[in-house]
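**Student:** Dumping what TrEMBL says about this protein:
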- 20-46: transmembrane segment (TRANSMEM)
- 49-298: domain 'G-protein coupled receptors family 1 profile' (DOMAIN)
- 66-90: transmembrane segment (TRANSMEM)
- 102-128: transmembrane segment (TRANSMEM)
- 148-172: transmembrane segment (TRANSMEM)
- 207-234: transmembrane segment (TRANSMEM)
- 246-269: transmembrane segment (TRANSMEM)
- 281-300: transmembrane segment (TRANSMEM)
Amino acid sequence: MPCEGCMERDNKSSDATMEFLLLGFSELLCLRVLLFLIFLIVHLVTLAGNVMIFMAVVMEPSRPPMLFFLCQLSVIELCYTLAIVPKALLSLIVVDGSTISFIGCAAQMHLFVALGGAECFLLVAMSYDRYVAICQPLHYVAVMSEGLCLRLAVACCLGGFAVALGLTVAVFRLPFCQSHRINHFFCDVSAVLHLACTQSYTPELPLLAACVLLLLLPFLLILTSYVCIAAALLHVTSSVGRSKAFSTCISHLAITLLHYGCATFMYIRPKSSYSPARDKIVSLVYTNITPLLYPLIYSLRNKEIRGVLRKILRKKIAQLN
């Protein structure tokens, strides 16, 4: 049963005209300009880093599977930051918060969950690539064919968008109370669920199901891959070969821990422990700092990316000279 004061679906505030107010960082009046400049610089550097990796992979004629997945990861991060960060920057400019329509809020939530989910599945595909490369090196070229990589990439995107669609529909079918003030800088799932006029835990079930499909199952698959890799490395007698195999996994491991660590902290918890201030801080890391670290980690750790970037830099210097 909806609580007293909930918005009725058939009154004058229909879904088409209803708006939410994103409060953003309205409590930090003194730090608005500083935060805006910091977030803007981080956003531009993130975009530049992911665009450079995307261009480096596209310009590489011999494209191994890991570079193909890395290119897709950069595209996902580009779309991810463009869907969230501009609205966050706007919330720092507008003193009383920024408004977003019902449809716009649902679309933003769907994109956020879909792209994050696609990234979860993509990390599984990348861990499988590392498993085949280390545990079945003689069959690597045959197994990780271009066709399989393309099918995995499409499956990652379709899986993320399907789960996100189900979660978004379930959340926005809930009755919302008269207060449409979202204490966040974007339409995060937890922040919107907090406005639902229910006293039960039923509205959290779609979020729990999405966490199982997008976080728990992919993480278990990644863990299984690395258990097999660790078992295979135990049989490698050469310390050089072992360190070389480990170095090919370290970038993927770092990104996996960043991605799943923040996502687990944000979403796998009961509604009673919801804290708007804490969620906004974690979301800042998740939507701004983490996408910035991805291109830095891969550009520093991946020799193919470093080589292509050096080629691009030499061409630019030659053109200038």
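Placed from the backbone N, Cα and C atoms, the Cβ positions cover glycine too.
TrEMBL annotations: computationally assigned, not manually curated.
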**Student:** With CB pairs under 8 Å as the measure, which of the listed stretches 102-128, 148-172, 246-269, 281-300 comes out on top against the transmembrane segment (20-46)?
**Tutor:** 281-300
**Student:** Can you tell me which recorded stretch out of 148-172, 246-269, 281-300 has the most Cβ pairs within less than 8 Å of the transmembrane segment (66-90)?
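**Tutor:** It is 281-300 that shares the most Cβ pairs under 8 Å with the transmembrane segment (66-90).
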**Student:** Which whole number is the mean pLDDT over the domain 'G-protein coupled receptors family 1 profile' (49-298)?
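**Tutor:** It averages 84.
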**Student:** Which sequence-distant residues neighbour the transmembrane segment (281-300)? Criterion: at least 6 residues beyond either end, Cβ under 8 Å.
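**Tutor:** Those are 39, 42-43, 45-46, 49-50, 52-53, 70, 73-74, 77, 80-81, 84-85, 88, 184-186, 188, 251, 254-255, 258-259, 262-263, 265-266, 306, 309, in sequence order.
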**Student:** Cβ under 8 Å to the transmembrane segment (148-172), counting only same-chain residues 6 or more beyond its ends: which ones?
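**Tutor:** Residues 65, 68-69, 72, 102, 105-106, 109-122, 124-125, 128, 189, 192-193, 196, 203, 206-207, 209-210, 213-214 contact the transmembrane segment (148-172) from elsewhere in the chain.
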